[in-house]
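J.: The structure follows.
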Amino acid sequence: MAAGRLPSARAVLAPLFLGLALLSVGPAPARALHNVTAELFGAEAWGTLAAFGDLNSDKQTDLFVLRERNDLIVFLADQSAPYFKPKVKVSLKTLSALVTSVVPGDYDGDSQMDVLLTYFPQNHTNSELGAVIFWGQNQTLDPKNMTILNRTFHDQPLIMDFNGDLIPDVFGITNESSQPQILLGGDLSWHPALTTKSKMRDPHSHAFIDLTEDFTADLFLTTLTASNAFQFEIWENLGGNFSIHSVFEKPKNLVVVGQSAFADFDGDGHMDHLLPGCEDKDCQKSAIYLMRSGTGQWVPVLQDFSNKGTLWGFVPFVHEEQPTTIPIPLTLHIGDYNMDGYPDALAILKNTSGSNQQAFLLENVPCNNASCEEVHRMFKVYWDLAGLNLIKDAIVATFFDIYEDGILDIIVLSKGYTKNDVAIHTLKNNFEADAYFVKVIVLSGLCSNDCPRKITPFGVNQPGPYIMYTTVDANGYLKNGSAGQLSQSAHLALQLPYNVLGLGRSANFLDHLFVGIPRPSGEKSIRKQEWTAIIPNSQLIVIPYPHNVPRSWSAKLYLTPSNIVLLTAVALIGVCIFILAIIAILHWQEKKADDREKRQEAHRFHFDAM
């Protein structure tokens, strides 16, 4: 058989190398936000977004929005546009002058989401807050089925799991005592919580999160000394009981102190304390300080707020005895925008020489100055993020996974819709670098396969679980990350009922993923379970049932394909088509050679016959 002319090795291998190059490099990171408000809300994009939660247990997060001072509207996620529809409404018009907060949770342990509202009562003469719980029934709320709590609060309460039964409890100072009280979920009984000489700061930024590295949530309090100096207290959970662990002061430079936030800022697997504030009362000079876990030292991670000759700063909180709109303190909202494993933040900044007020992304980047060398990371204001800088008079900005794809998008509230209501803006994150993530939600574990109506309670908003992972990054180094679930609930904390942990551009399996939950009084053993070889770009739903037998806990894994899956498929199909083309060409050339050889044989036969 004669051989035809074969393509060169370079020609054969070129597309294969091209496909591999595409896979290894991936698309270049792009940073842009696309406004999808009309697609999500239609004409209903107004009201104060107050909380997130899955009310109807369909594995999609719903939005809790306050309107007209006293109405709560629940926008249920839907499969068709507009993707969030106002389906459930409860009103406090007969009780309230102004609803101030919304905290979804399962307050009676029936695995159905209930909703706690705090409000200023009508004709209120002081700043005491009333509270009411609307009880969930059949994956919705019954406006007539509610319980008005028999005590009022000095400030918005912290929702936590005080007794470790995974039914949310209500912590705060009430009209009955100057000492913190706890309303236990389930039987709704009042009990003393702690004995302390400190006064609670108003507005507080208490938190229920593990700060002592034992996978059990501790109690963090923002308090005042007898001389009204700001301080912070950590009450450690020891055997299910809270004992004072440490007390520390604010950074000495700060005059205006904002709300504490918690994040694994430097990616070491431990919680760090972030504190925004100002070094003068008018916030002409703003800063963000960080205290690393266990150090007791404040380190500045952002002090540069100038952009092209314009100085920006935080918006100081103005305390009103009888506010007409929801008070919004100086707050950072935390989320990993670019999935690099280092949490970023959203903040509202004001032009110090004008009146413009905007939302800005604070990106977590490697430290480039001497002041933050200890933590190796710092915040950098992203001044020109397309889409975000078009929204004027912003008052709140937070992260939210709009499309349930593991990428955190942005929601901004801005003034000017009406006198009493604000506009909602939703911005899709078009960050195209093919980074990886794992999305974790820990349920209450009050039931497993025996849940009422066979519906797993995906939407109970469980405070207190702690999550940590270890993996190997793209350079072969060990990488850790951690997060607490629903650690803060007051003053528009707007925390998500799940955690999205960025993994960077490493496609390696998570070597270990740990989940810990609170434990009851008297229980010495830590409630913690480990899972290994978790696939990146997956959602892990953890059901800690039964609570006291971690080895029996179950986890459901749902995969979310990334861009690289499509890229791999395209490259593979391209290589296959090219190989088929080569085979076809070789087959055609071989057929031509065979025909030529047959003609030559026939010609030789005729010649011999002559």
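Positions of Cβ are set from backbone N, Cα and C atoms, glycine also.
What you see is a predicted model, and the numbers here were worked out from it, not measured in a lab.
Sharing the features that Swiss-Prot gives for it:
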- Asn35: N-linked glycosylation site (CARBOHYD)
- Asn123: N-linked glycosylation site (CARBOHYD)
- Asn138: N-linked glycosylation site (CARBOHYD)
- Asn145: N-linked glycosylation site (CARBOHYD)
- Asn150: N-linked glycosylation site (CARBOHYD)
- Asn175: N-linked glycosylation site (CARBOHYD)
- Asn241: N-linked glycosylation site (CARBOHYD)
- Asn351: N-linked glycosylation site (CARBOHYD)
- Asn369: N-linked glycosylation site (CARBOHYD)
- Asn480: N-linked glycosylation site (CARBOHYD)
- 98-135: repeat 'FG-GAP 1' (REPEAT)
- 153-183: repeat 'FG-GAP 2' (REPEAT)
- 256-291: repeat 'FG-GAP 3' (REPEAT)
- 1-32: signal peptide (SIGNAL)
- 565-585: transmembrane segment (TRANSMEM)
J.: Within the repeat 'FG-GAP 1' (98-135), what mean pLDDT does the predicted structure show?
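T.: Result for the repeat 'FG-GAP 1' (98-135): average pLDDT 90.
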J.: Within 10 angstroms of the C-beta of Asn138 (N-linked glycosylation site), what count of other C-beta atoms is obtained when all protein chains are considered?
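T.: Around Asn138 (N-linked glycosylation site), other Cβ atoms within 10 Å: 11.
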J.: Using all protein chains in view, find how many other C-beta atoms are within 10 Å of the C-beta of Asn145 (N-linked glycosylation site).
T.: 13
J.: Which of Asn35, Asn123, Asn150, Asn369, Asn480 has the fewest nearby Cβ atoms, counting only those within 10 Å, among these glycosylation sites?
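T.: Least crowded of the glycosylation sites Asn35, Asn123, Asn150, Asn369, Asn480, by Cβ count within 10 Å, is Asn123.
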J.: Would you kindly give the Cα-Cα distance separating Asn351 (N-linked glycosylation site) and Asn138 (N-linked glycosylation site), rounded to the nearest Å?
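T.: Cα of Asn138 (N-linked glycosylation site) to Cα of Asn351 (N-linked glycosylation site) measures 48 Å after rounding.
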J.: From the Cα of Asn175 (N-linked glycosylation site) across to the Cα of Asn35 (N-linked glycosylation site), what is the distance in angstrom?
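T.: Distance between the two Cα atoms comes out at 45 Å.
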J.: Summarise the repeat 'FG-GAP 1' (98-135) by DSSP state, stating how many residues are helix, strand and coil.
T.: 0 helix, 23 strand, 15 coil
